[in-house]
Amino acid sequence: MLPPIAILMDQWVDAGWMRRVDRAVGRWLEALCPETDARVILAAVLTSHQAGQGHVCLDLAACLDDPDTVLKMPPQSGVLPEDGIPPVRPAQLMRGWRLADWVAVLADARSVVALAEDPQPPTIGDPESAGVSILPDAPPFVLDGGLLYLRRYWVQEQAIAEQVRRRVSAESARLDVRHVREVLDRLFDPMSVDPAEPDWQKIACALSIRRPFSIITGGPGTGKTTTVVKLLLMRQILAFRAGQPPLRIRLSAPTGKAAARLKQSIQAQIVTLLPRFAETYPRLADTLPQTVETLHRLIGVRPNQPRPVHHAGNYLPADIVVIDEASMIGQELMARTLAALAPDTSLVLLGDRDQLASVEPGSVLGALCAHADAKMPYDAETVEWIRQTVGVSLPAAAEPGASLDQAIATLRYSHRFGPDSPIGTLARAINAGDASATRRVLQAASSPGEAIGLLPDDRQAHGLTRLAVEALSTWLKRVQSPPSMVGAAQDDWARAIFAAHQETQILCALRQGRQGVEGVNLLVEQALYRAGLLPGFGLREGAWYAGRPILVTRNEPGLRLANGDIGLTLPYRDDAGREPVLRVAFPGDDPTAPIRWLNPHRLPSCETAFALTVHKAQGSEFGHAVFVLPAAPNPILTRELIYTALTRARDRFTLVASDADPSLSILADGVRRRVQRAGQLERLCAD
Ligand SMILES: Nc1ncnc2c1ncn2[C@@H]1O[C@H](COP(=O)(O)OP(=O)(O)OP(=O)(O)O)[C@@H](O)[C@H]1O
């Protein structure tokens, strides 16, 4: 005989299987409708739990099929209660449950709008006003087919789909195709990388001008940023030629780090491309954006305010908005962004659809690009547009994709790695889910220093700590013998240390455990201390010491720090050149901006960052990425996570795997596992 559901849910919270906030959703329902069936309370609690796992809804059928796996209960990090007896698992509780019964009891509940039953489904409206509302007028849950949503997530998903559908079928901009062709021909050299392949960057530009929504997706170094700069030049030149004022362009990225990277990359590309047009269009440089904002700043998200500054009633003043690293945008932020754009503002999303999705619920870019795999999804109309504007005749697909697919360009050739490079080959094998090929590439890597390396390690992680000491000593030695200069010269010294620090980064799949960030940070710290690379005293103050890299874990607008920022604890001399004190240095947005030297005791929550989780490293790039695998199979290790770890590497990637697993079965298991986020955005956009 099992304990009542309410007791079980309490036990799951106590065991760390579920968040307190999820259980609170159940209590809230119990308080509002005391007569609610326990299976409804359970579904509500699980829907909230799933949101914590990145899902916008609970897929009832999938849940009944395999409750423990779908709900990830018990989790890897779960703790045993004091009596040592683990709680009853969801699979035991739900044994024998029938989907039809669960759906029926949910459809009957006052807290649920059942769409199939309800002739008047909730109107989509403004996603901002769709918070969980009080019964009975606006039930907080929506049952759509077999998917149970918190109402706000359902509303956001519908709103995104509606916006995307409207934008991809909007009337084509009134353009003189001859002008478009002329400008594109000037921007793109006729010599493409592979003469047998069309120039996909050029096609991406042509598609981006056709409708007010487009996506440019591709792996690292495939030229997404290069393409965007050309696209912006194209748009401004066309505006000049049509006698229009310059277009208002806004560039954005989901995190500060990604925004800073895009800014640097864009500026470098502008410097290369602009001279071609300087004579004909001397004012062109002034029309290009100088800054890249975070998405929050772009739309004006304000703390404790229900809606951002820009929304459906106060559009963002912009003609073109380009957003990089779009895979990191969760559903809520995407819904808010789309709502903030006027119907004729062009939105261009850039991103690598194969990367990890946002930590927030939803996998918007992944869902929108679900069919971007098809090499040629274009219909006859798109093919004709490409022929007229690019001068390339592509075959029309026998079974063309939806309108959305006509707005997506996939860049496949990596100019950074080349098709036969080890990193490129490994990335392809991982993305294809080909565990054997992945293993082959890694096991073929033998000598140290190659682009791909495999480091079989013992339980004490001797190999990893040796590697860390060797790689990190390049900058840590310089930290321990600080120069006597002050002011700008001291900033230059810190910048050089940052550049050296960016050369090697250890990444972990997990947070906890020996192979997690917490364990690896401790091991590396101890090894560096033993090697004399960290100070024993002097430049040490409690947990703070010269050479400690830190990761900011909370937004702190007052200090201009964002969750995910990396700082280095360094000795700092004031302008009078007194004895150095410890300060945490943060680089500015561009290479010449002054370093910000903050007192460590003023910093908000932060943690040591010799090792980072792959999630936290998203949007960053390092010369050498060292990826530590878990020692046992783990559901967190997925294809997307492994690919994201690999693609943080600019020149070199080393996989650290347990020497007890010489066949790399743990890695192979991860490569085969895909992140499947519940939701129906893909289907809604394909309609
Ligand atoms: N068509 C091209 N021909 C030659 N080199 C190119 C071409 N396109 C891009 N490159 C070069 O390849 C490198 C990577 O390009 P870019 O930064 O635009 O790629 P990306 O996809 O934005 O990369 P990331 O994934 O790092 O954001 C740059 O050095 C760029 O100059």
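Glycine too: its Cβ is placed from the backbone N, Cα and C atoms.
Features reported for this protein in TrEMBL:
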type	residues	note
BINDING	G218, G219, P220, G221, T222, G223, K224, T225	ATP binding site
DOMAIN	15-121	domain 'RecBCD enzyme subunit RecD N-terminal'
DOMAIN	609-656	domain 'UvrD-like helicase C-terminal'
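Positions of TrEMBL features highlighted on the structure.
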residue	record	Cβ neighbours (10 Å)
G218	ATP binding site	24
G219	ATP binding site	25
P220	ATP binding site	20
G221	ATP binding site	21
T222	ATP binding site	22
G223	ATP binding site	22
K224	ATP binding site	25
T225	ATP binding site	20
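In this structure, G218 (ATP binding site) is part of a beta strand by DSSP.
Surrounding the centroid of the Cβ atoms of G218, G219, P220, G221, T222, G223, K224, T225, where the record places ATP, the chain contributes additional residues within 8 Å, namely D352, L411, S414, H415, R416. G223 (ATP binding site) carries neither a helix nor a strand DSSP state and counts as coil. In the predicted model, the domain 'RecBCD enzyme subunit RecD N-terminal' (15-121) has a mean pLDDT of 87. Broken down with DSSP, the domain 'UvrD-like helicase C-terminal' (609-656) shows 12 helix, 18 strand, 18 coil.
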